[in-house]
Amino acid sequence: MGNTATKFRKALINGDEGLACQLYESNPQFKEALEPNASYGEPYQHNTPLHYASRHAMTRLIRSFLFCKDGNPNKCNVHNETALHLLCMGPQILLGEGALQPRFSRPQEDQQKRAECLQMILQWTGAKLDQGEYERANVNATDNKKSTCLHYAAAAGMKNCVELLVKNAADLFVENEDRETPCDCAEKQHHKDLALSLESQMVFSQVPGAQEIEAEYAALDRREPYEGLKLQDLRRLKDMLIVETADMLQAPLFTAEALLRAHDWDREKLLEDWMSNAEECCQRSGVQMPTPPPSGYNAWDTLPSPRTPRTTRSSVTSPDEISLLSPTDGLALCGICMSSISVFEDPVDMSCGHEFCRACWEGFLNLKIQEGEAHNIFCPAYDCFQLVPVEVIESVVSREMDKRYLQFDIKAFVDNNPAIHWCPVARCERAVRLTRPGPGASDPLSFPLLKAPAVDCGKGHLFCWECLGDAHEPCDCETWKMWLQKVSEMKPEELAGVSEAYEDAANCLWLLSNSKPCANCKSPIQKNEGCNHMQCAKCKYDFCWICLEEWKKHSSSTGGYYRCTRYEVIQQVEEQSKEMTVEAEKKHKSFQELDRFMHYYTRYKNHEHSYQLEERLLKTAKEKMEQLSKAFIGRDGAPPDTTFIEDGVHELLKTRRILKCSYPYSFFLEPKSTKKEIFELMQTDLEMVTEDLAQKVNRPYLRTPRHKIISATYLVQQKRREFLASVARGVAPNDSPEAPRRSFAGGTWDWEYLGFASPEEYSEFQYRRRHRQRRRGDLLRLHSLRSNTPEPHDSSDATAGTALPETQHMNEPLNDTHTHSEICALGSLDEDDPNILLAIQLSLQESGLALDPEPQDSDASVGASGSSLPSRLDSVPQTSDPPRASMSSSELLELGDSLMRLGDISSRYTPFNINSYPDALGTAFSPSDPDCLDPSTNANLLGNIMAWFHDMNPQSIALIPSSASDAGNETHALGEPAKAEQTEAESAEMESKEGEVSECVEDAKTEASDLTVCPESSADPQHQIVEKLTLRGHKISSGGLRRNVFSLGRRWKGFSCITK
């Protein structure tokens, strides 16, 4: 039993099919006990009998193992190989593993046997799976090298096995560990026919959604904004333009052609001149004004109809020309040779009426054509500028001369048409027409064009539209010239070691900036802590870190360990260090510029080299298309569409050329700008999709399905157009400099926002404010406010900052003490702050105060609304009588000074207002007098000031009763007149200040006699003012706002503002 098994195993290993079959069939007991799925163990790499039978293609044993012994072809050995792997390897691959030498002499027979065994394995069905299907041989199983059975079959060149595997859904695109597909394996082993067959099946493989992708790509408009034209296309384009123009103008073809030629073949320009003055337009073009065609003439021609007999002479012949008739027979004479024109000669009619014999016509036209003046041939008569129609030229000259005339005519058509250029390549007779989209064009091709777009004549000749040189988009011609000049100056072929030199210069600069050399061995030393006594770790030299001199020269007299007082030596060392640093910086900057240039130049050359390599694909693309068509036609019966290969190569070359020229464009962009960042992002995106398409197309054998190549081509085309359109639009707007931030509260206003005509005027205004003369009493007032403020007497004043109820009296007499908050506010008072003055002026403008003391009707304070200051300024009603309150800056300043002085005195001694003082005439202003009191004006003033403060500062403002009212315990209504009792000391002090108060009131009344500042009125002023002010918020924290509001509130009869 054991001997039979051993002999059978050896026969299987050696590939002796006859001996193995004899042992297997002759011993029924051994046959019954044999397990084809049992492994022979680790010494035999865990191969099974089925593995060895498949390796040597033993047909009878494989059939018996699969269908009689329940053999499983999916069983793997130690290399993760199944029976299919070993079967498809072939004798070339298994040469060192058995007696396969005789099979080389019979390769066809061996391939046939392996195909039969493969077919049996593919027909095998195993156990029933969970999904209701039966287990089958896995044709896509991979071994340790990630190779499938199709890889081995393709490498062995077994065409029949490959076809069977492909029919059974073998994966054509799977790659092994060497990133090779089955097609690559066949090509590597020089099985070209098999590789071409696999390539065609890979390219034209159908997957779900592939047809939709191809149909979508076919429906796309892949036209470019230019069109290559042949000579026939140029003639057809010219004829169509003439016919369409003649139809629009209702003119003969010859007239329409002459008009177009005179207007550079621009129909829009012609129509504009035609609509302006048609007769003058025809006169400048050398043609007569078209008239309705007479009977017997064609509508679109100038030649007479064949049905109409020819007249003896033109009806428009002048009297002078009538004398040229022959006196004998009445025949016309030729105006050139003076010979009689025979009646049997074909007529040459001109609209001008001049007649010449046919021989003279032919000689004249031949001479003009030979001279190259084919587009402007006038009548040969003296001082006649009538153009000769094309029909006349074609009917007179010979056929050869007519062809030459047509060539000159087409050349003149192209030369005079700014939308058409000839191809600059030698011996190329093609032209290019460029279509520039107009503004708001709805055509899908109406993306913006570059200044110097690249065009193609149709033969692959790319050139710049502007300079007719090599195509260089997205660069314009000037940028391209600058780049070429830069390359010639830098000589990059001589800059091989720029990167290394740049790194050395950067290291040298860092060492000079962060270290010092040893005074003995010049080794760089970096100090991070400690005293000035340094010891070189290399040469053990002791020196001073400051002056780099020997440490022996230092002692306590030179500053000790942490100072060095040797001035001359230190200065010398610093100068040397500075010179070395400056030199290193220059060197580093120079190498930095060189390194930057090499960065762009290297990538420029890389794309240029790739373009040269991929340009060869144009020659092989057509051959590849024919080969794929022939290889795939046997299966489908109809040749497939292979134009996608050529389209992909063309798109790849276009994009590669743009990427090549994009680096010169990026080189001249402003460094670290938004435009450059966006441009480089788009450039990187375009490079990624271009390289992906290159990997799919630039291969000896394509390994990508057609729909994926089509999708990649379309994606590259879309990215390319977006890239060029973005560059044409400017990529991104230029980076604008940061605008100066305006400061409002507590600071200065911009001159334009304040209404000044220029910054100089605003500066002059500020200068006048700072240097104005002080009035009598100002210095005393400021001195008393800032220096002589008495201290609080008791602790009860510390609570003066708390808010009181609205019903508390605000008109109690003031004592000589102030709360701490009032003292701080008065001490920080800044009378030069222009913000408070601006607020007063705006309030006066809105109030509309007049010169006369009569009250004016005004609405509630717009300052209480939530609108901003500019909107409130715009909402001021325009009246026919402008208000007097719009005072100048100097008047407003003087008024502010007077109010401040008046407010300081009045707020400290008595709750009065300026209307309670006598004016210059001795009359007194009473608050209850309707002729001089406007409560809405006062409320509007304070409301606008509070609204302005709220707009300038996000925090809020709280107005509370002043601390002066804290001393009183009685409660009075806010709107009642002030009737507080004064002590004798207060009366005496009041009398001493009466002169100063009168002077302040007089100044204020002189500058603004119509100003009333009185919050007290009979119309419940407490309710009005508090309601208006509480709408604006509750507190502020800015120092400037606190000073302004406090200074105004302090003078506003019993109100003050404090910081909470």
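Placement of Cβ uses the backbone N, Cα and C atoms for every residue, glycine included.
Residues 603-632 are the range that Swiss-Prot records as coiled coil, among 603-632, 963-992, 993-1022. Highest local Cβ density among the binding-site residues His354, His472, His554 belongs to His472, counted as other Cβ atoms within 10 Å over all protein chains shown. For Cys539 (Zn(2+) 4 binding site), the same-chain residues 6+ apart in sequence whose C-beta sits under 8 angstroms from its C-beta are Cys518, Asn520, Cys521, Ser523. Averaged across the zinc finger (518-547), pLDDT for the predicted model comes to 79.
Less than 8 angstroms from the CB of Cys357 (Zn(2+) 1 binding site) sit Cys334, Ile336, Cys337, Ser339, Ile341, Glu345, each of them six or more residues away in the same chain. Over all protein chains present, the Cβ of Cys564 (Zn(2+) 5 binding site) has 20 other Cβ atoms lying within 10 Å. One way to see the shell of the Zn(2+) 4 site is to take the Cβ centroid of Cys518, Cys521, Cys536, Cys539; the remaining same-chain residues with a Cβ within 8 Å of it are Ala519, Asn520, Lys522, Ser523, Ile525, Ala537, Lys538, Lys540, Tyr541. When Cβ neighbours within 10 Å are tallied across all protein chains shown, the highest count among the binding-site residues Cys337, Cys360, Cys464, Cys467 belongs to Cys464. Of the listed binding-site residues, namely Cys384, Cys536, the sparsest CB environment within 10 A is found at Cys384. Fewest other C-beta atoms within 10 angstroms, among the binding-site residues Cys379, Cys518, Cys521, are seen around Cys521. Just so you know, of the recorded positions Cys477, Cys531, Cys544, Cys547, the Cβ with the fewest other Cβ atoms around it within 10 Å is the one at Cys531.
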